[in-house]
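Below is one structure; the comments refer to it alone.
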Amino acid sequence: MGPGARLALLALLALGGDPAAATGREDTFSALTSVARALAPERRLLGTLRRYLRGEEARLRDLTRFYDKVLSLHEDLKIPVVNPLLAFTVIKRLQSDWRNVVHSLEATENIRALKDGYEKVEQDLPAFEDLEGAARALMRLQDVYMLNVKGLARGVFQRVTGSSITDLYSPRQLFSLTADDCFQVGKVAYDTGDYYHAIPWLEEAVSLFRRAHGEWKTEDEASLEDALDYLAFACFQVGNVSCALSLSREFLVYSPDNKRMARNVLKYERLLAENGHQMAAETAIQRPNVPHLQTRDTYEGLCQTLGSQPTHYQIPSLYCSYETNSSPYLLLQPARKEVVHLRPLIALYHDFVSDEEAQKIRELAEPWLQRSVVASGEKQLQVEYRISKSAWLKDTVDPMLVTLDHRIAALTGLDIQPPYAEYLQVVNYGIGGHYEPHFDHATSPSSPLYRMKSGNRVATFMIYLSSVEAGGATAFIYGNFSVPVVKNAALFWWNLHRSGEGDGDTLHAGCPVLVGDKWVANKWIHEYGQEFRRPCSTNPED
């Protein structure tokens with residue numbers, strides 16, 4: 001029985017005070033005047049039933065709207081989930097919206113079947129931690145690419161620099177966020193005390209709820225009152241008491257009986273009266289510092305270039321060539337080499353793999369993908385500064401991988417057979433996927449990299465297995481340059497000097513993927529086995 005039906009029953013019970021009841025219902029038939037008088041309560045019943053039907057019609061219209069919205073996304077199968085806004089809404093819908101829809105309904109027979117169906121697949125749906133991760137990914141993109149929250153809510157990617165706003169990327173199809181979407185992002189930040197991110201997202205949620213005149217949808221978890229409540233306290237926490245007071249007063253317009261909010265209003269009024277304009281002014285909120293990332297400004301600045309490079313005539317020492325490395329393997333089909341930087345020496349080999357090979361590698365790796373880890377002392381940990389999944393492929397998995405190994409060995413001149421090189425690591429980046437500045441080589445003698453007993457990682461060979469629409473560049477922090485994602489190309493650099501010391505200039509990062517599905521394959525080659533292929537040198541510059 002729905003809420004409307006319960007109201008109808010209450011209305012019927014309320015009819016007990018009618019004067020006609022005093023004569024007893026059992027003798028209504030005995031006089032026509034009593035029959036006529038009985039029509040009056042029926043008219044009231046009709047009114048109650050009409051209100052119930054209208055409520056049910058509104059509820060069904062809302063459910064139909066939700067059904068049509070989700071169905072339209074499934075019917076358009078040509079759209080890959082590469083837009084971070086679309087990806088966030090998919091996770092939120094599966095984790096939160098469906099649960100709210102199903103549990104908002106009453107337990108009729110049909111609804112019971114719907115709930116049973118939901119419970120059967122519930123274990124396969126994203127968890128709340130996934131929703132939190134997707135929300136943090138949007139905040140990461142907001143920070144690194146200086147994105148405007150209002151623009152993101154409309155589905156556009158705009159960069160904010162001072163008072164100017166410029167379009168950073170224009171998607172072919174817009175995916176806007178709802179008020180409840182914005183509220184959920186803001187709440188994730190709010191729950192960790194991150195008011196720098198919470199406030200703009202909650203402000204946008206309030207704005208969108210107001211624009212909808214406070215209309216609540218079945219799948220929504222929050223309402224205008226919720227958004228006002230959270231935003232008011234966030235403003236108070238950063239010292240903007242005037243804003244907190246204004247929002248709290250607005251809250252009381254919609255919920256005048258809320259005693260907690262009434263007490264807050266009195267507190268804010270008292271604080272303003274005692275401190276005057278000192279607490280009324282808006283306070284500048286500092287972005288939370290990232291303690292493990294001391295090179296944040298350089299890293300983000302390089303990511304914001306989206307991998308744009310100077311042309312070769314601007315730096316004549318950079319060049320392109322056909323490379324055989326004196327290998328018979330490459331004699332008939334030399335590699336297309338582009339030197340993108342000299343110190344450290346970074347080479348980009350265009351079309352190193354074919355579309356078919358890149359697709360095959362992705363297909364081989366996909367069933368084995370697991371959350372990527374990083375070396376921390378003697379342990380390997382999952383961390384927030386590396387968001388991706390990875391898999392390791394032995395060359396015995398498919399003959400194509402043996403061919404790929406031969407090609408890498410011919411081009412680098414190095415021995416890449418185990419244990420002198422690691423298995424091929426295939427990485428798929430998630431929503432806003434990134435890997436903040438790091439070295440590929442070990443910087444500690446206790447690093448797990450030494451477990452292979454083949455020395456440190458002397459070189460990195462990284463293959464781009466896909467293209468992206470925006471973001472995802474590889475940024476070299478101390479080299480002060482970045483390389484864009486070039487599908488099927490391979491990036492090569494030396495991690496160690498010939499002396500065996502690590503090259504500090506190879507500190508690099510995978511910039512967050514703004515829009516796209518980024519796949520890379522890494523082949524890490526170790527010191528041992530390369531003694532005569534890359535001889536040692538006492539010159540620290542080599």
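Just so it is clear, glycine is given a Cβ too, placed from its N, Cα and C backbone atoms.
Because the structure is a prediction, the values reported are computed rather than measured.
Taken verbatim from Swiss-Prot:
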type     : residues : note
BINDING  : Lys518   : 2-oxoglutarate binding site
COILED   : 105-129  : coiled coil
DOMAIN   : 420-527  : domain 'Fe2OG dioxygenase'
CARBOHYD : Asn240   : N-linked glycosylation site
CARBOHYD : Asn480   : N-linked glycosylation site
REPEAT   : 225-258  : repeat 'TPR'
SIGNAL   : 1-24     : signal peptide
Counted with DSSP (H/G/I as helix, E/B as strand, rest coil), the domain 'Fe2OG dioxygenase' (420-527) has 8 helix, 51 strand, 49 coil
Asn240 (N-linked glycosylation site) and Asn480 (N-linked glycosylation site), compared by Cα position, are separated in whole Å by 39
Out of Asn240, Asn480, which of the glycosylation sites has the smallest number of neighbouring Cβ atoms within 10 Å? Asn480
Let's check the environment of the residue listed as '2-oxoglutarate binding site': how many other CB atoms sit within 10 Å of its CB? 24
C-alpha of Asn480 (N-linked glycosylation site) to C-alpha of Lys518 (2-oxoglutarate binding site): distance in Å? 22
Tally of helix, strand and coil residues over the repeat 'TPR' (225-258) according to DSSP? 27 helix, 0 strand, 7 coil
